[in-house]
Amino acid sequence: GIPCAESCVYIPCTITALLGCSCKNKVCYN
């Protein structure tokens, strides 16, 4: 996938989640 410039180590994907990104390996991917 494409990195969404948001991490999800402590909190889940927030802004990028609205763009269809999901958490994988502590990073939000599209």
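In case you wondered, yes, glycine gets a Cβ from its N, Cα and C as well.
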Swiss-Prot annotation, disulfide partner among Cys13, Cys21 for Cys4: Cys21
Under 8 Å by Cβ from Cys21 (disulfide bond), same chain, sequence gap 6 or more: Cys4, Glu6, Cys13, Cys28, Tyr29, Asn30
Fewest other Cβ within 10 angstroms of its own Cβ, chosen from the disulfide-bonded residues Cys23, Cys28: Cys23
